[in-house]
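For reference, TrEMBL has these:
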COILED    89-123  coiled coil
DOMAIN    293-357  domain 'YknX-like C-terminal permuted SH3-like'
Amino acid sequence: MKKGIWAAALVVAVVLFASIVVARTGRQAEVTLVETTKGAIQESVFASGTLEPAERFEHYAPANAVVGRVYVREGDAVRAGDKLFELDFSELERQLKAEETNLQLLIRERDQAREQAIEAMQRELEETGTVSEATKAKADVSSYDLRVRNQQDLVASLREKLAKREVVAAGDGVVAQVAVREGQAVAQGAPAVTVISVKSLEVRAKVGELDAGKLRPGMEAIVTGDAFSGSYSAKLTYVAPFAKPAEGGAGAGGGDPVVEVRALLSAVGADLRPGYRATLEIRLPGEERVLAPVAAVRREGDKAFVFRVDNGVARQVEVKTGREDDRYVEILEGLTAGERIVAEPSAGVRDGRKVKVR
């Protein structure tokens, strides 16, 4: 009885062993081959920011005076040369008239002195036949000329100041801020009116210190946002040469360092407004390299492999990878363009094991 049981067990063991051997040696993994190509993987840097006018015209009080009249309100559209506000220069006008009168009196006084000196020289010449040095000295009206020139300079200066009474728009745009009112006393250089251009917009955003080093003015960008549909093309125009702590970060020193960037939109749609939030996708130019499908690369620890098929046998090839996207990965070392590799190696594909190419 026991001998029969042992005999049956032995038969079962032999069958199982044979099945395993057949499975391991007879059944080959099926694979599909794909060719490596050459191309560039597009990498992008993303940043959140706001739409801002690319052109902003700041207007200031040209002199210490009282605001006489304000011609615009916030939201008004203006053209270059339109009047924004004017100062009350009544006192300056009175001063100019007085100094112009003084100038005329000086000129008349100088001319009279010259005429009197000429008459004196003529009389002396007729009476004595000569003109003394004393008489010649009296005929010198250069001191009058100096006084006249000084007065002319004063009048010209007053006229120049008076010409600044009206402040006009420096460019086309929309009035964004009016900081003065009629009757208000202002100091020279005080902010008065801000005009922004709505035909030229840029995105101002901040990127982290690790991404900032990848960016250069002139790079292409895409602008999107929740408040407007579609996307707008843009070009990076500015990368700050310094970093600042992010606002609102933890600690007294703020958050991680960030760098300001600006990108000018190539066109402005009617649905865009300054102040809208926007997302900036800055596209980094990629270098052409050998590319393989992401699924073709097997990773084990810090190493990466692909598989070639030589005469029906899988051959593992170690490769050095670079950047990747959702489809391809850069092969920096180990492969050349045009090589055929296993597209999606399964667990059954091992180095030296036979495979069947579909």
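The backbone N, Cα and C atoms fix where each Cβ goes, glycine too.
Applying DSSP to the domain 'YknX-like C-terminal permuted SH3-like' (293-357) sorts its residues as follows: 3 helix, 37 strand, 25 coil. In the predicted model, residues of the domain 'YknX-like C-terminal permuted SH3-like' (293-357) average a pLDDT of 95.
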